[in-house]
Amino acid sequence: MPATTATTPGRPAPRLRSTYRPDRPRHRRSTLTTVLTGIVLVYSLVPLVWLVVNATKTQAGLFSSFGLWFADDFALWQNVVDTLTYDDGIFLRWFGNTLLYVVLGAGGATFLAILGGYGLAKFDFPGKRWVFAIVIGAVAVPGTALAVPTFLMFSQMGLTNTPWSVIIPSLIAPFGLYLMWTFSAEAIPTELLEAARMDGSGEFRTFFRISLPLLAPGIVTVLLFTMVATWNNYFLPLIMLRDSAWYPLTLGLNAWNAQAATAGGEAIFNLVITGSLLTILPLVVAFLLLQRYWQSGLAAGSVKE
Amino acid sequence: MTARHRRALRGAALLGVASLALSACSGSTDAGGGSGDAEAVDTASVLEEGGEITVWAWEPTLEDVVADFEAENPNVTVNLENVGTGNDQYTALQNAIAAGDGVPDVAQIEYYAVPQFAIAENLTDLGPLGAGELDGTFTTGPWTSVQSGDGIYGLPMDSGPMALFYNQDVFDEVGVDVPTTWDEYLEAARAIHEADPNAYIANDTGDAGFTTSMIWQAGGRPYQVDGTEMTIDFTDEGTTRFTEVWQQLIDEELLAPVSSWSDEWYQGLGDGSIATLTIGAWMPANLESGVPQAAGQWRVAEMPQWESGAHDTAENGGSSLAVPAASENAELAYAFVEYANAGDGVQTRVDGGAFPATTAELESEEFQAKEFEYFGGQQVNEVLAESAANVVEGWQYVPFQVYANSIFNDTVGQAYVSGTTLDEGLAAWQESLVAYGDEQGFTVNE
């Protein structure tokens, strides 16, 4: 359980951390699960290792060396510099775009999911069952299936080929809403809200001062989900965007990759690989920093107290 | 100019753009024009009037052309956008046309795809805009490729007359001559693979563009289109001439199982395990940038022939710039297309490594005499220009070639991975295409 060892100074201790530790030594090792976990570990790490190793190679080195080991020349820094400066530094522009989409899209989606989930969990209103049915139904519909209808709708509104065409659909996260709903129901005792009301706290004050802190682990979980989804979003921007100045990293890297298949195009496999490495770094960092919150978020509600 | 800014413009000034185009029109009549054709565009005044156009293209040399064009015409703004290569771009274009919004003013369209867009009336006939006077400017293959019925639906940007690119080192090592006929090619394939089991004369996993070009050179005419009536027949003499030889290459496993444009392909071209490429004349720039480790090893020769002593070639790839019918600024769009493909832009693109479709550039001394360091100092363009002049005439694509090529691998592609023969694969392809053509309202094989 890496979360129990990774501590960041100055951060509040995660909620469930202390309850895990005493349990640990009591677990007995099972060879089968160890092997299975090992296989999964290798399976998930090999592509990462490949990416790191190959980001250190030049274009020529890529073709003349074994894929899972280093070539004679170590060109990582040169590759990074080339990636950041190729085509007038368009990579940085794409990086900024992706950040914009993530901050507004994933941030907004999380915000809406918190509001909606909290409202559904803690307030009674007519038609609640219908809302529930629609949310559950929406979870089942893959975003890919909605991309083309969304495109046609947006193009009538004149929104295609603008950042809004990527941000607005990203704001809708049914799964996040569902998660916040169940989390709110578990994490916030209704008695606490009643007590707050008795003491004369308004609903907004109660929400921001009492409920929101209690929801923190759930919020981080939803934030991570939506962040990953938005960061890796490919199909929606592919359909919506034409102007490469608004591309997110996923589309930009694909365009670089396609250059190799273009008459007169410049093959830049080394930059595509290095660019991919740079693209996943922020996500890796986000996960390492936030994973302990995520863990407690996922575990919440699993134990009746 | 940013996209947001442009969107604001599009939203607010749609009418403004239209009236700009109108005033450009009236400007040309005021100026007197002088040409007999009442509709012919006075390019100078259109350019003077200026405006903004969007160009969808993936051709890398266009960036310089756009920069020059904007410098020469300060009132014109050109937004060059790379929406994707080939099929990706066509999908985007069709989406935009269906949505009726966001359609570019100029689009790069490969020759094989031109009829598909032309027959759907998605493209502007450039004849009245001035393209009608460009007869003789372009080589025959590309020029006929952009025409459909009486209309001219694009100006040829580059061309891909085929040639045999080969790795001299491999041939020297094995000790075989560079093939001049396809029979010799088959012999060479055996020799190369025998000398080194990892080496192949070529790669092929089923590529619609390559196969149709090979049939083209062999004299096959599987597609015959006349308006909405057409025949699709992959059993004619030329087609079987090709499949007979190619089937042997497949059966004897003499073709590397590597798809073109993949990273393995670039690797194979660099380490000698893929010894030849029968491909369009635009290839040198790709070899130079994609396979730098093999500099000095490659050479170019005439495409192998079906009859010794003949000099037949075919086109492979190449694309045009077209003006979509939905463009609100067709005259300015055409002015740009003419500049890029028949004006000063051509030389800029040739300097950038593109292979032109204009006869003037192809025949110029400077172009043909250029020595390519990558090709060991060979005057590559001489061979390629010769090939451009020897393209067999009379080839046609069906007006749904984009779809046709997209199902190539499900039918003909099977010949490369299973016991199906090329002939059977082509028959299956034909069957699917006839059915699809009928569905689309064409009269096929009747």
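Glycine too: its Cβ is placed from the backbone N, Cα and C atoms.
No curator has checked TrEMBL annotations; they are predicted automatically.
From a predicted model like this one, the values you see are computed outputs, not experimental measurements.
Per TrEMBL, the features are as follows:
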- A:1-17: compositional bias 'Low complexity' (COMPBIAS)
- A:1-27: region 'Disordered' (REGION)
- A:31-53: transmembrane segment (TRANSMEM)
- A:95-290: domain 'ABC transmembrane type-1' (DOMAIN)
- A:99-118: transmembrane segment (TRANSMEM)
- A:130-154: transmembrane segment (TRANSMEM)
- A:166-185: transmembrane segment (TRANSMEM)
- A:206-231: transmembrane segment (TRANSMEM)
- A:267-290: transmembrane segment (TRANSMEM)
Residue numbers, six or more beyond the limits of the transmembrane segment (A:31-53), whose CB comes under 8 Å of its CB atoms:
67-70, 273, 276-277, 280
Winner by Cβ pairs under 8 Å against the transmembrane segment (A:206-231), considering only A:99-118, A:130-154, A:166-185, A:267-290:
A:99-118
Determine which residues of the chain contact the transmembrane segment (A:99-118) at the Cβ level, with the cut-off under 8 Å and only residues 6 or more beyond its ends counted.
163, 166-167, 170-173, 176-184, 188, 207, 211-212, 215, 218-219, 222-223, 226-227, 229-231, 233, 237, 248
